[in-house]
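Participant: Attaching a single structure in structure tokens format; questions to follow.
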Amino acid sequence: MTNYKPIPIYDSLEWDLTTEACHTLLLAPSGAGKTIFLSYLSAMLLKRGHELYIIDAKNSSFGATFRSTGIYTASSAEEILCLLTSLVEQMEHDYETLYSTDQVGLDTNFSDLNLPAHVLIFDEVLSALESGDKKQKAEMERLLKLLALKGRLAGYVIVLTSQRLLATDLPKAVTEQCQTRYVMGSNISEELFHIGTGAYKKDLASSYLGDVGKGYAVTPKLGLSYFEAPYMKYKSNDFRQLIYLFQRSGMSDGKSD
Ligand SMILES: Nc1ncnc2c1ncn2[C@@H]1O[C@H](COP(=O)(O)OP(=O)(O)OP(=O)(O)O)[C@@H](O)[C@H]1O
Ligand SMILES: [Mg+2]
């Protein structure tokens, strides 16, 4: 049993995998709390019984933690391509088999069919793209684009993080599909803030409040709002045990967050 209850983030901000806002982009400089935030999201996904895949291009303890609990984790360019290819193939297969019958309407999604989401947590997406040769980079971009454009109904969801983002760094189709955006950190340039949120710091109702684990979110539902990222320490043994437990139990009674 899968639990489709949105994942709470901050105040009324939540992550609902079944909406058009499922794909997510998180922009923050080094040390601003990206990986800690991803750890929370990852744990909550497993708790709800969804399928989780991790790309940790920096080959850090984040990936190591999840790998050690049996979650598919890719780090090298070859592993990343392998994972992206298999996710796209699985998605195409799902559409051909599960979504092409007469009973399935045009807007039927994975939750209507009681299927889990397949969520790709992609930490440091630009490091990953740069880790491969030209051909590998182009292929990674192509596969990521397919997931971004076609994944939503079948529950293939992407979460990307980056320390920076220029217009040419990622295909426009990918960034445009990420309708949930987060910008975190104290020293965010006007440019990064604008690329992330579409707004300017000077237009904020109060002074800029970004810091470690703090920043601004943009969603179709709430527009631009201040948020604080939930804290979950992925390096601890407790975290590993929690992941292990969630994986096995699925905790899908729907009673708890
Ligand atoms: N929500 C938070 N509240 C308080 N402190 C936090 C929070 N998130 C992160 N930190 C602190 O900041 C440190 C860096 O966090 P994290 O590793 O997640 O940053 P990052 O953006 O992934 O950095 P890097 O670019 O080095 O990967 C953590 O070790 C933790 O001490
Ligand atoms: Mg990190």
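Heads up, the Cβ atoms here are built off N, Cα and C, so glycines get one too.
Heads up, TrEMBL stuff is auto-annotated, nobody curated it.
The model shown is predicted, which means the values in this text are computed figures rather than measured ones.
Here's the feature list from TrEMBL:
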| type | residues | note |
| --- | --- | --- |
| BINDING | Ala28, Pro29, Ser30, Gly31, Ala32, Gly33, Lys34, Thr35 | ATP binding site |
| DOMAIN | 10-193 | domain 'FtsK' |
Participant: Could you list, ordered by sequence, which of these binding-site residues: Gly33, Lys34, Thr35, have a Cβ under 6 Å from ligand 2?
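Facilitator: By the Cβ criterion, which requires under 6 Å to ligand 2, the hits are Lys34, Thr35.
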Participant: I'm checking region-level scores; what's the whole-number mean pLDDT for the domain 'FtsK' (10-193)?
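Facilitator: So the average pLDDT across the domain 'FtsK' (10-193) works out to 95.
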Participant: Less than 6 Å between Cβ and the nearest atom of ligand 1 is the rule; apply it to the binding-site residues Pro29, Ser30, Ala32, Gly33.
Facilitator: Ser30, Ala32, Gly33
Participant: Just how many other Cβ atoms lie inside 10 Å of the Cβ on Pro29 (ATP binding site)?
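Facilitator: Result for Pro29 (ATP binding site): 20 neighbouring Cβ atoms inside 10 Å.
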Participant: Write out the long-range same-chain contacts of Ala32 (ATP binding site), meaning residues 6 or more apart in sequence whose Cβ is under 8 Å from its Cβ.
Facilitator: Met184, Gly185, Ser186, Val212, Gly213, Gly215
Participant: Within 10 Å of each Cβ, count the other Cβ atoms, then let me know which of the binding-site residues Gly31, Gly33 comes out lowest.
Facilitator: Gly31
Participant: Note down the number of other Cβ atoms within 10 Å of the Cβ of Ala28 (ATP binding site), including every protein chain shown.
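Facilitator: Taking all protein chains shown, Ala28 (ATP binding site) has 28 Cβ neighbours within 10 Å.
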Participant: Of all the binding-site residues given, Ser30, Thr35, which residue's CB has the most CB neighbours within 10 A?
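Facilitator: That would be Thr35, with the highest Cβ count within 10 Å.
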Participant: Using the recorded ATP site (Ala28, Pro29, Ser30, Gly31, Ala32, Gly33, Lys34, Thr35) as reference, state which further residues of the same chain have their Cβ within 8 Å of the centre of those residues' Cβ atoms, listed in sequence order.
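Facilitator: What remains near the Cβ centre is Gln163, Met184, Gly185, Val212.
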